[in-house]
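What follows is a single structure, written as structure tokens, with notes after it.
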Amino acid sequence: MNPLPLALTPKKILLIGAGKVAAQKARAILESDCPLFILAKEVRDDYFLDKEVKLAPFSPQELEGFDLIIDATGDEALGRWLWEHKKEYRYWLNVVDVPALCDFYFSATVRRGDLCVSVSSGGASPTLAQGVRDKIARFLPSLLAPLLNRLKEERQKGRIDPKSALPSIQKALGKVFLIGCGPHSVGNLTLKALETIEILDVALIDALVGEEILNLLSPQCLQISVSKQKGCHSYTQEEINGLMLRYAKEGLNVGRLKGGDPMVFGRVAEEAGFLMEQGIEVELLSGVTSFLAGCLQSGITPTLRGVSAGALVVSAHLKESRFHDEWLAWLKDSPYTLVVLMAHSFAREITLGAKNRGVPLTIPAAFVSKIDSPSPKSVIGNLGCLEEMAKECEKPAILVIGEAVKESLRMPYVGERVILE
Ligand code: SAH
């Protein structure tokens, strides 16, 4: 394998064949800006329908004037003939899938402007090379493209000061991933989140992220638990933002691991907005929210046809630890199912609030506790007995209120189910 990337532009390329394999090669060549000519006996792949293909059997004079020849015909005899006559016609050859008859290989590439990372397995396994390329692409920020343009301009103007460019290069290499880790188990993690968690250098972890998910972090990954924990310092939003910024500026892959989906009461706007303002690249990765996983665990269909016209997701706990219950107004003659997050500690207050607002206390309600964990539990009752229900289960829990809750009794559910009258 040659570790020297050669400047091959512009070199005239001849592709022989117009089948499926040839189409793959043609797509890759298109990215290289090299002029491409195609010779084939017949077109066997739709890709070539709108391309210019010379339809003719192979003959040696077709080789005149080409620098690179790619034989994608699968014709063994032709491959060998081309290899034997290389010197005569002065071309470099690639007989697809026959490494012994190749002067050069196709590599899996990822580009950010002029920056090109090329992964080759020396013809041994293009699939493996693509897998490695995909992994690199996950953390290679798009911001590298504009930075590279700037550095190129400076270089052309003769202003090269590697020392002064270093901080901006390092900053552009850093990236922050705001990752939804689902309600608890690895089983509810998305594949994209899984792949990303594996490549993190630093992880800032929320309390609701499941233990087994943390086991996926690499041993070198710096883990910082930023949630409130008994006897430990709990980080303010500003401190969390500061940590993400600091590590991203060092050029690291920073993961902000959040329970459920980051877009559901996940403070994403505060964090992503701050980082974007600081010129740091941010990627959001969705997760399974406890709102939906909890309904499923308990057998509650929040949008049950004929019973509930839709679902509202609210929180009983807003900024500055304040309890709030304006959402109770939605329950009066409501066609909807209400899903309340962060409600478990306020069970008594919610019942009181409902009473004060004249909301019927007979509306069915359920606490769905420890969703997706080894000890899931649902407690079913009504708005009038929330305090009693909360005592039957532990945090974290979601509260579901509405007629759809009653219908769940006919549905399959996971874990323990307690029904209070
Ligand atoms: N982004 C999260 C919600 C964050 S707010 C999501 O999409 O799920 C935190 C609240 O989510 C908790 O108070 C609780 O109501 C709910 N919650 C999160 N994980 C839970 C779990 N495993 N079991 C029960 N409730 C959960």
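Just so it is clear, glycine is given a Cβ too, placed from its N, Cα and C backbone atoms.
Whatever TrEMBL says is automated annotation, not expert-curated.
As recorded in TrEMBL, the features of this protein are as follows:
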type	residues	note
ACT_SITE	D206	active site, proton acceptor
ACT_SITE	K228	active site, proton donor
DOMAIN	112-138	domain 'Siroheme synthase central'
DOMAIN	175-384	domain 'Tetrapyrrole methylase'
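Under the DSSP three-state reduction, the residue listed as 'active site, proton acceptor' is assigned to coil, being neither helix nor strand. Sorting each residue of the domain 'Siroheme synthase central' (112-138) by its DSSP state yields 13 helix, 6 strand, 8 coil. Counting every protein chain shown, 19 other Cβ atoms lie within 10 Å of the Cβ of the residue listed as 'active site, proton acceptor'.
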